[in-house]
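A single structure is presented below for examination.
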Amino acid sequence: MKPTTVSTLRQWKQQGEKFASITAYDFSFARLFADEGIQVMLVGDSLGMVVQGHDSTLPVTLADIVYHTEVVRRGAPAALLLADLPFMSYATPEQTFDSAARLMRAGANMVKLEGGKWLAETVKQLTERAVPVCGHLGLTPQSVNIFGGYKVQGRDAEAADLLLEDALALEAAGMQLLVLECVPVALAKRVTEALSIPVIGIGAGNATDGQILVMHDAFGITGGHIPKFAKNFLAETGDIRAAVRQYVEEVKAGSYPAEQHSFQ
C-alpha cells in the first residue's frame, strides 16, 4: 500500500474528502485498522487512561509513547502515524528536540503537542529541524488541572476568537495538522475554513476535515463515563472489523458525528 502522508491529507482537504483516524496502541489493532481502511493513527497519551488505568494522561512518560509507537508502526507500516509528546516532555527547546527525535526514530511521521500560540516558536524550531508537527487546541487533556476538569472550550465569543488566533499563529509557525477537541460546531467550522491545513475533530462536529476517536470509545469498552461525542460502533455491528468499516464509512459520508455527538 502506498504510504499516507501529510500531502495526502492536504489533497483530501482540497477535494472535500473526509477521513477517519483512530488511536492505536498495539501491533494487532494497528494492523486491523489499516486493513479496514484507516490510514491515519495516533499513539496518544490517552493510553494512560485506557491502557494503564490512570485517571488522567499526566503520568504517561516519553518511554511509554516510544514503546507504543514502535509496535504500532510494525502493524501499520503505511499509515500516517502521529505520536503524542506527553506532559512535560517539551518544556525546554533541548528537551523538545530530544523527545521529538526519539518519537521519530520510533516510527512516528509527526509529533503532536498541546497548546496555543505560546508554542509557535517551538513549532517553528521543530519544523526547521524536519519534524512535522500536529497541534491540539480546545480541550487539551494535559491542561485538565488548569481547566478544572474535562469541559467544552471556546463557547463564548472571546474564547472562540482566541482559539482561532492560536490556530492561525501555529499554522504560520509551520504546524501541518490540527486536532480540535470538544469545541462548538460553529467554531470548529470556522477554524477548519480559516486554515489551509487539515483539521481533525473529536467532539467538534462534522465540519472538520477528519475525525478521530479513542479506539476504546469506538468499541464501547471504556466503562464508566461515556463522552457525548463517542459512538459505540461495535454495538451496532457485533464485529470489530465491521465496526471499523462502519466508522470509516460514516465519517466519509458526514453522518458521524451527528448532532447528538456534537456541542452547540
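Here the Cβ of each residue, glycine as well, is placed from N, Cα and C on the backbone.
In case it helps, Swiss-Prot gives these features for our protein:
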type: BINDING; residues: ASP45, SER46, ASP84, LYS112; note: 3-methyl-2-oxobutanoate binding site
type: BINDING; residues: ASP45, ASP84, GLU114; note: Mg(2+) binding site
type: ACT_SITE; residues: GLU181; note: active site, proton acceptor
Given a separation of at least six residues and a C-beta threshold under 8 Å, show me what packs close to LYS112 (3-methyl-2-oxobutanoate binding site) in the same chain.
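Those within reach of LYS112 (3-methyl-2-oxobutanoate binding site), by Cβ under 8 Å and sequence separation of 6 or more, are LEU42, GLY44, LEU82, ALA83, ASP84, LEU85, VAL133, CYS134, GLY135, HIS136, VAL179.
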How many whole Å apart are the CA atoms of the residue listed as 'active site, proton acceptor' and GLU114 (Mg(2+) binding site)?
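Answer for this pair: 11 Å between alpha carbons.
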Taking the centroid of the Cβ atoms of ASP45, ASP84, GLU114 (Mg(2+) site), which other same-chain residues have Cβ within 8 Å of it?
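Those within range, site residues removed, are GLY44, SER46, THR57, VAL60, LEU85, PRO86, PHE87, LYS112, LEU113, HIS136, PRO141, GLN142.
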Helix, strand or coil by DSSP: which one applies to SER46 (3-methyl-2-oxobutanoate binding site)?
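It is coil.
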Quick one: pull the CA-CA distance for ASP45 (3-methyl-2-oxobutanoate binding site) versus GLU114 (Mg(2+) binding site), whole Å only.
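Distance between the two Cα atoms comes out at 11 Å.
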Any idea which of the binding-site residues ASP45, ASP84, GLU114 has the thinnest Cβ neighbourhood at 10 Å?
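Candidates: the binding-site residues ASP45, ASP84, GLU114. Fewest Cβ atoms within 10 Å: GLU114.
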